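To start, the structure under review is shown below, and the notes come after it.
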Amino acid sequence: MEKKLIFGHKNPDTDSICSALVYADLKTKLGANVEPVRLGVISSETAFVLNYFQVKEPRLVETVANEVNEVILVDHNERQQSANDIEQVQVVEVIDHHRIANFETSNPLYFRAEPVGCTTTILKKMYKENGVDIPKEMAGLMLSAIISDTLLLKSPTCTEQDVAAAHELAEIAGVNLEAYGLDMLKAGADLSDKTIEQLLTLDAKEFQMGNAKVEIAQVNAVDVNDVLARQGELEAAMNASIAEKALDLFVFVVTDILNNDSVAIALGSATQAVEKAYQVTLVDNKAVLKGVVSRKKQIVPVLTDTFQAL
């Protein structure tokens with residue numbers, strides 16, 4: 001049986017890494033020949049999770065077509081967020097919870113996308129559907145991904161399914177949901193040792209919005225001012241990315257995990273889209289986005305609609 005690789009998006013977050021590991025566990029138990037891999041560096045938050053549950057990180061790959069003919073995507077479907085040579089392989093499965101865009105295949109596939117807060121909420125259901133018991137460490141990974149994607153069940157992306165799954169998985173994993181969740185988020189929000197490049201690439205995604213090419217990077221922080229103190233350096237690096245990638249807009253979002261607000265730094269030729277979308281005025285290239293914590297639900301669709309109306 002020919003091996004398939006399972007991976008999440010570039011600049012992987014906790015859900016991307018954990019979903020690849022978890023789905024590989026389930027598929028292997030169902031008799032498939034698969035390997036979880038990653039398309040980028042693991043974040044401090046994800047490192048905390050893997051260390052806590054004693055799970056080895058997936059292997060890093062730059063390309064996939066040199067290894068396999070078929071791949072499985074988790075936590076993404078848009079081509080520009082996937083492996084650089086994704087066009088050279090056949091996508092046979094997708095498990096995701098994001099919008100579907102820039103995606104087509106020449107062959108039929110298994111495509112499962114649900115409007116939930118996290119990919120592992122879907123994967124938990126798939127264990128049950130296939131009659132496979134969830135191991136303690138896999139429960140821990142699934143729980144961690146839900147905590148990460150929903151900011152400990154506080155994000156507007158969080159659904160009743162995510163809440164129910166989190167409580168059940170916490171019990172299987174043997175952890176206190178609130179205490180573990182806060183420790184995990186704080187580990188991810190410690191940005192003191194991060195370089196400017198790391199801050200901008202830890203959790204960054206590119207999107208096509210109408211005719212505009214947009215990149216949105218996001219970090220979680222306990223004190224947003226620690227990050228904003230480096231605004232000059234951040235803007236220099238953002239402008240370099242805009243020139244290199246021919247971006248129309250680069251938005252860097254710093255989310256306060258304690259107060260559930262964000263500050264956005266916006267650069268590029270299309271910053272008026274941010275002002276129009278959120279009814280704000282950028283002062284010194286930045287604005288407070290009250291109550292905004294989710295890129296998926298509160299930034300991407302809002303900006304997409306704004307660009308299409310421009």
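Just so you know, glycine gets a Cβ as well, placed from its N, Cα and C.
Listed features, source Swiss-Prot:
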BINDING   HIS9, ASP13, ASP75  Mn(2+) 1 binding site
BINDING   ASP15, ASP75, HIS97, ASP149  Mn(2+) 2 binding site
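Sequence-distant contacts (6 or more apart, same chain, Cβ under 8 Å) of HIS97 (Mn(2+) 2 binding site) comprise ASP75, ALA113, GLU114, PRO115, VAL116, GLY117, CYS118, THR119, THR121, ILE122, LYS296. Every protein chain considered, the tally of other Cβ atoms within 10 Å of the Cβ of ASP75 (Mn(2+) 1 binding site) stands at 29. Between the CA atoms of HIS9 (Mn(2+) 1 binding site) and ASP15 (Mn(2+) 2 binding site) there is a gap of 10 Å. Neighbours of ASP149 (Mn(2+) 2 binding site), defined as other CB atoms within 10 A of its CB across all chains, total 27. Here the C-alpha separation of ASP149 (Mn(2+) 2 binding site) and ASP13 (Mn(2+) 1 binding site) works out to 9 Å. Listed in sequence order, the residues of the same chain lying 6 or more apart from ASP13 (Mn(2+) 1 binding site) and placing their CB within less than 8 Å of its CB are SER43, GLU45, THR46, ASP75, SER148, ASP149, ASP203. Cβ neighbours of ASP15 (Mn(2+) 2 binding site) (same chain, under 8 Å, six or more residues apart in sequence): GLY8, ASP75, CYS118, THR119, THR120, ALA145, SER148, ASP149. Of the chain residues outside the Mn(2+) 1 site list HIS9, ASP13, ASP75, GLY8, ASN11, PRO12, ASP15, SER16, ILE17, SER19, VAL74, HIS76, GLN81, THR119 have their Cβ within 8 Å of the site's Cβ mean position.
Under the DSSP three-state reduction, ASP15 (Mn(2+) 2 binding site) is assigned to helix.
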